[in-house]
Amino acid sequence: MNVSTILTPIPTAVEDDGNFTDYMEELMSITELSLQQRAHIILSQPVSIISLVLCFLTIVANCLSICATVLGPPSFINTHMKLVISLGLSDLLVSFSVLLHILNKVFTNVPRFDAGPDERLPFSCMTLFTFALHTAATMISLLNLLAMAIDHYVAIMNPLHYNEHLNEVKGNILIIVIWLLAFAGGFSVYLGDVQEFQAYKHVINYCEFVQKNDFHGEYLVFFIAFVCFFVITYTYLRIYKEVRRVYRQGTRDDLDYARNRKALLTSLLIIGTFVLCWLPTCVFQVALVIQVRVNSTIVRQMYATLLKANRYLNLLLLVNALCDPIVYAVRLKNVQLGYRRIFQRCRILKHKKHRNSTMKSERCTTQIARLQTMDIINPGICNMENDKTNECTELLPIYNNNFITNSHKQNGVLI
């Protein structure tokens, strides 16, 4: 739950709520500052610094992980690995939504509450947009984890018909459907009763109006999370029973068994990190929703404290987005092979650049030596070993042109 959406954007009768009043006074003081002053205040906060560092690390780690997966053996790019790539992209989306939220606070001036609805529209709509993007990214992660569980179920319980049930085309369609459903659910926060809004449009804008609706994007995330975790738990229990039965009968293929076991452990690690990082935020949001319905006065009194706690708990989602590529790099062999290929290409590029620089230097040295032999350049002028500023290299075209011009003049050719 975005704590700021709980209370009305035009607060009234808050004289007795000291914590909320202090927070609003601090918020309003930012509106009088310039862009540089506002950026200094916001970006010097510990939560903003930690968020930016985690965003940077998450973006770099997930980009490398996706590249390593794509550069792995082509035969390994199956439906499961495409789901891994999709999960990496959803982690990137989480990072970009947090980064966009911070940039919105810096570059979009917080309007005063006595300003008109249209003046408050840019800030409120951008805030709602980043929240919708974050909700969509969370839903993509949940649906991806569910799809990975189903993929493992089909691969282990019915391996002979795996290509029939989850071939390349069906896998691509599954991923597209996941992203479309997630974005539809995430941006459903923009839906509201337009006719009811007409009665309030002179006081609040549409983005503020939909934030006051009884429907919040968190409710949809809670519902999908409950369904996904229930199905995932049931699916992996069935898989565990099947693997245990085959192991006891002694009819297993050792190589197949080891590969399936490792894939299961990898998926369970990914699901486990997601649950550990997302569960505290979920419990906090549920408790907050209940408390607002029961006694909203306490929420107003602890508004600033709850908002700070919400921000720090949201950092756990960035930690989860950073954990996923680390798990892939440690557990998946084809991803490790992709990393080796990336490092090899970087090394080849570095050696090629160094070789080109060396060849250019050797060419210049040879050319200068030839010109010095012909007394066109004074031997004391250029010494390639001491040519730190590339002055000799820059003079070469001039001396070459003079040499060619003089040679043509000596041969009676008019230039």
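Each Cβ is built from the backbone N, Cα and C atoms, and glycine gets one as well.
Taken from TrEMBL, the feature domain 'G-protein coupled receptors family 1 profile' covers 61-328. Look at TrEMBL and you will find 49-71, 83-103, 123-150, 171-191, 219-237, 268-292, 312-330 tagged as transmembrane segment.
Proximity of the transmembrane segment (219-237) to the transmembrane segment (123-150) is established through 3 or more Cβ-Cβ distances under 8 Å for residue pairs spaced 6 or more apart.
Beyond the transmembrane segment (171-191), the same-chain residues lying 6 or more positions past its ends with a Cβ under 8 Å from any Cβ of the stretch are 78-79, 82-83, 86, 90, 128, 131-137, 139-140, 143-144, 147, 207, 210-211, 215-217, 220, 224. Summarising model confidence by region, the domain 'G-protein coupled receptors family 1 profile' (61-328) averages a pLDDT of 84.
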